[in-house]
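Heads up, the thing below is written out as structure tokens.
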Amino acid sequence: MAEGEPQVQFKLVLVGDGGTGKTTFVKRHLTGEFEKKYVATLGVEVHPLVFHTNRGAIKYNVWDTAGQEKFGGLRDGYYIQAQCAIIMFDVTSRVTYKNVPNWHRDLVRVCENIPIVLCGNKVDIKDRKVKAKSIVFHRKKNLQYYDISAKSNYNFEKPFLWLARKLIGDPNLEFVAMPALAPPEILMDPSLAAQYEHDLKVASETALPDEDDDL
């Protein structure tokens, strides 16, 4: 193990439809992008993302599919031994949200009882199709949800912090320094961010619809 290498490491699988921004998201973390490794047998890039917490450094080895999800499901080898996961959809594309239950099903079939965060990416785009009130899957399955914008770094650290608290078992765990991130390609409009945060809060306090439908 290299000098100063974090002792605590977790395999994190990043799943969701092609084109939802998974690779853009993981590439924001500059050291992880610099040190990524390609696993040819599975067609996967593994990005080592280190975060410094008040409990020491932790590393997520983030498995990114390199686009093969466009050709159907992923092989079980991708999921095996995953300790946590992020499922991503694109808030400007309803079909990517409709497919979230399929990704969740594939994931929990191989990895039972791992902490999972659902992320709605591209919230910087004004023409949002999947609104806060229609994002209910995470509430039915006890997942955490965050609006994110990979290109503006908006909420980049939130999924990793929530997962770290679950994995370490410390609800008071905090990041003590932010990792070096690629400069924002676009700026998130603060008033839009505030509106979305308000919408999510309202949605979270609204009773779930009764229907048994998965969405």
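Just so you know, the numbers here start at 1 and follow the chain as drawn.
In case you wondered, yes, glycine gets a Cβ from its N, Cα and C as well.
Annotation source Swiss-Prot lists domain 'Small GTPase Ran-type' at 6-170, citing sequence analysis.
The GTP binding site annotation in Swiss-Prot covers 17-24, 35-41, G67, 121-124, 149-151 and is backed by similarity to another entry. Under 8 Å, Cβ to Cβ, and six or more positions away along its own chain, V123 (GTP binding site) finds V91, D147, I148, S149, Y154, M188, L192, A193, Y196. Reduced to three states, the DSSP call for V123 (GTP binding site) is coil.
Here Swiss-Prot flags 36-44 as region 'Switch-I'. Note on the region 'Switch-I' (36-44): residues 63-66, 68, 75, 77-78 of its chain, located 6 or more positions outside it, place their CB under 8 angstroms from a CB of the stretch.
Here Swiss-Prot flags 67-83 as region 'Switch-II'. Mean pLDDT of the predicted structure over the region 'Switch-II' (67-83): 80.
Swiss-Prot lists Q68 with the feature site 'Essential for GTP hydrolysis', giving similarity to another entry as the kind of evidence. Around Q68 (site 'Essential for GTP hydrolysis'), taking its Cβ as the centre, 15 other Cβ atoms fall within 10 Å, counting all chains. Secondary structure from DSSP puts Q68 (site 'Essential for GTP hydrolysis') in a helix.
Summarising the annotation, Swiss-Prot assigns region 'Interaction with RANBP1' to 210-215.
The sparsest Cβ neighbourhood within 10 Å, among the listed binding-site residues (V39, A150), is found at V39. Remark: secondary structure over the region 'Switch-I' (36-44) totals 0 helix, 4 strand, 5 coil, with classes taken from DSSP. In this structure the C-alpha atoms belonging to T20 (GTP binding site) and Q68 (site 'Essential for GTP hydrolysis') are separated by 13 Å.
Distance between Cα atoms for V39 (GTP binding site) and Q68 (site 'Essential for GTP hydrolysis'): 13 Å, as a whole number. Considering only the binding-site residues T23, K36, A150, Q68 (site 'Essential for GTP hydrolysis') has T23 as its nearest partner by CA-CA distance.
Within 10 Å of the C-beta atom of T20 (GTP binding site) sit 27 other C-beta atoms, taking all shown protein chains into account.
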